[in-house]
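*Asks:* Here it is: the structure, laid out below.
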Amino acid sequence: MSFPEPSHAVKLGGNDILKKTLREVGVVRLHGLDLELTGWFQVAWSGDIGPEQVVPLRYFGRDLVAYRGKDGVVRVHDRHCRHLGASLAHGGCVVDEGIQCPFHGWVWAPDGHNVSIPYQERPNKARKLGSWPVVERNESIYVWFDHAGREPYWDVPDALHDTPHAADREFHPAGPDARESFPDLRVHPQMVVENTVDPHHFRFVHRTPLSPVVLEEKVEGPQWWARVGFGKGWRDHAHDEDGALRTDTANTIEILWSGMGVSVNVEHMREGVRVITINTTPVEDGRSEIFATYWIDRAGDEESYRRRLAEAKLALPDDIKIWNHQIFLDPPALATEEARGFRRMRRWARQFYPGDVGENGPAGTGDTRAPGTEKLEAGAS
C-alpha cells in the first residue's frame with residue numbers, strides 16, 4: 001500500500017476538522033499570557049523516534065501521536081482514531097507511510113485521510129485525522145502550531161549552517177550526552193525570549209564580572225538576531241579607530257530567534273565555538289518544556305570536548321531556576337537603559353499571539369499584543 005504524500009511533510013492548512021478541534025480545546029495560558037503561540041516548537045529529538053516507532057506526545061494542551069514511517073519521515077497526528085476514539089499511540093503500528101489503529105485496524109495516511117478499513121472495500125472519506133506540519137532538522141523534530149490552522153509561513157533555521165560563523169566549522173554530533181530536556185516548567189516562552197535583551201542578568205545569574213554589551217540587533221518578520229560582546233574589551237572598545245563597530249567574534253554570542261519557540265546561540269569562546277539551541281514548547285495550561293541541544297566544534301581532543309560540553313551546560317539551569325518562579329509583570333519597572341530593548345522585543349512578540357493577523361502572516365491590522373505591551377511602551381517612553 002502506498003499513499004500520496006501531502007505538499008509538505010504533514011499538512012495542516014485546509015484541515016477544517018483540525019481547525020475545529022483547535023477552537024474547541026480552549027485557551028491555554030501561563031502567567032496570564034496566551035500559550036497558543038504561532039510558530040515552530042520542538043517536541044522530540046530525532047533519536048527519540050526510531051524506524052517505524054510510534055510515540056505518544058502531549059503538547060499545546062492536546063494529545064498527539066508521532067511515528068516514523070517506512071520511508072523514514074516523521075509524522076504527527078491527533079492521537080485518537082476518528083473511528084471510535086482509540087489511542088493510536090498505544091498499540092498503533094506503522095503501515096507503509098501511515099499509521100494503523102490497534103482497535104479495528106483502520107489505516108490513516110500522512111495527510112490524515114482514511115485509506116483502509118480491513119472489513120470493507122471502501123475507506124471512510126468523510127472522516128479525517130488531524131495532521132500537523134513537521135520539520136526534522138538540527139537532530140530535532142519540530143511541529144508547527146497556529147491557532148487559526150494556517151500553513152507555516154517561515155522555516156526552522158539550520159543551527160549549524162544558517163549562522164555564518166558556525167557554517168565553516170565541523171562539530172561533534174549532539175548525542176544523548178549533548179541533549180537536555182527540562183519538563184513540567186512554569187516558564188512562558190516570552191520569558192526566555194526576553195533574556196536576549198537583558199544583558200544585566202549575567203552579572204547576578206551567571207556571575208560574570210561585567211554585564212555584556214548588546215552590539216547589534218536585526219529584526220526581520222519572525223526572525224530576531226542579536227550579537228552580544230563580553231568583557232572589558234567590548235565594553236570599552238566596541239568600535240575601531242574609525243568609529244566602526246568591530247566585526248571580530250572573540251568573546252561574543254550571536255543569538256537567532258525564529259519565532260518564540262526556537263533559538264540558536266553561537267558562542268565564540270577562547271577554545272573554539274559552541275552552538276546551543278534552547279527551545280521552549282507549550283505543554284498545557286500553566287506548563288511548558290525546554291529542550292537544549294549542544295554542539296561543540298572539533299577543536300581539541302576528547303578530554304577537551306567533554307570539559308567544554310560540561311561548561312556549555314552550566315548557564316541554562318541557572319536561568320531556569322529564575323524563570324520557573326518568575327511572574328510576568330504588567331507593566332514591569334525598567335531602568336532607563338533597559339526600556340528600549342524590552343520595548344522592541346515585546347513589540348516583535350505581538351505577532352505570535354492569537355488575533356487577526358492576516359491570511360499567511362502578521363498583517364498588522366488586529367490586536368495581537370502580548371499582555372502588558374501597551375502599558376510597558378507608555379511607561380518606558
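The backbone N, Cα and C atoms fix where each Cβ goes, glycine too.
As listed in TrEMBL for this protein:
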- 41-143: domain 'Rieske' (DOMAIN)
- 354-381: region 'Disordered' (REGION)
- 372-381: compositional bias 'Basic and acidic residues' (COMPBIAS)
*Asks:* Would you report the average pLDDT that the model assigns to the domain 'Rieske' (41-143)?
*Replies:* 98
*Asks:* Give the residue counts of the domain 'Rieske' (41-143) per reduced DSSP state, in the order helix, strand, coil.
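*Replies:* Taking each residue of the domain 'Rieske' (41-143) in turn, the totals are 3 helix, 50 strand, 50 coil.
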